[in-house]
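*Asks:* One structure coming up, written as structure tokens, with questions to follow.
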């Protein structure tokens, strides 16, 4: 099976107009179908349904397509309604993989392998992992390295090179995740997560500007360097903030097991918790340096100059 496209479906839902459970049959031809009662590609007789204890049960007699006793079945459940008729359903793994093959002669059923759905879910997971690692872990850690490694030895350019490498790796991984997201979007005809998509485009644009700005970075002694520093810091914080917000937006869309969301929350909390500790250490070293009690690390050439 390749999903619900082309499927012959039976919908059961509560019709507020008639005050009863209603059954309609619809052929699903796209990802945003209009649910209306129509003929299927095979005959259906004596349709009915009932609702009890939170469960809908559909009854129908059907003419088996192709006179084959074994048929593939997909099922879904949702709470969205459009114009009084059923709308979309959750796109999480339990829904995407909700299919089985039933032998109507013996009553036996087996799960239906769905290579297309499995591959698509795999792509979504890779998309989420790449973007979480890039925008939500590597970039924030890179900011910490730039701010606090520099305080150990301000005259050494090591902090700048570490920061540049870290952010470059994060950007490359993020671009890969963004590109995969565009592919997923183009393959999902009729399905657009507008907020997630818009935030991702804005994030990518600002991140690209941030990386490109390195080519226009004034020298440390330039009079406009202070403005460039303020711009670079502001855009960097914006990129990280957008990245974290969009990661949680992605969690809501993909709806993975809750342990992955909790794991990322723990990672962010650890990064956020380390920052104030490093800030205290930084200002302590600055005060010691100003008072003359700071000892410069050994083997550091005194002729080094700040080059970033």
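From the backbone N, Cα and C atoms, a Cβ is placed for every residue, glycine too.
Annotations per TrEMBL:
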- 93-287: domain 'Cytochrome b561' (DOMAIN)
- 126-144: transmembrane segment (TRANSMEM)
- 127, 163, 196, 232: heme b binding site (BINDING)
- 165-186: transmembrane segment (TRANSMEM)
- 198-216: transmembrane segment (TRANSMEM)
- 228-251: transmembrane segment (TRANSMEM)
- 263-281: transmembrane segment (TRANSMEM)
*Asks:* Can you say which of 126-144, 165-186, 228-251, 263-281 has the most Cβ pairs under 8 Å with the transmembrane segment (198-216)?
*Replies:* 228-251
*Asks:* In the same chain, who gets a Cβ under 8 Å from the transmembrane segment (165-186) while lying at least 6 residues past its ends?
*Replies:* 120, 123-124, 126-131, 133-135, 138-139, 141-142, 145, 192, 197, 200, 204, 207, 210-211, 243
*Asks:* Which residues, given as numbers and ranges, are at least 6 beyond the ends of the transmembrane segment (228-251) yet have a Cβ under 8 Å from it?
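*Replies:* Distal contacts: 127-128, 131-132, 134-136, 139-140, 143, 174, 193, 195-196, 199-200, 202-203, 206-207, 209-210, 213, 216-218, 260-261, 264, 268.
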*Asks:* Which one of these binding-site residues, 127, 163, 196, 232, has the sparsest Cβ neighbourhood, judged by other Cβ atoms within 10 angstroms?
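*Replies:* With the binding-site residues 127, 163, 196, 232, fewest surrounding Cβ atoms within 10 Å: 232.
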*Asks:* Among 127, 163, 196, 232, listed as contacts of heme b, what is the widest Cα spread in Å, to the nearest whole number?
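*Replies:* Overall maximum Cα spacing for these binding residues reaches 28 Å.
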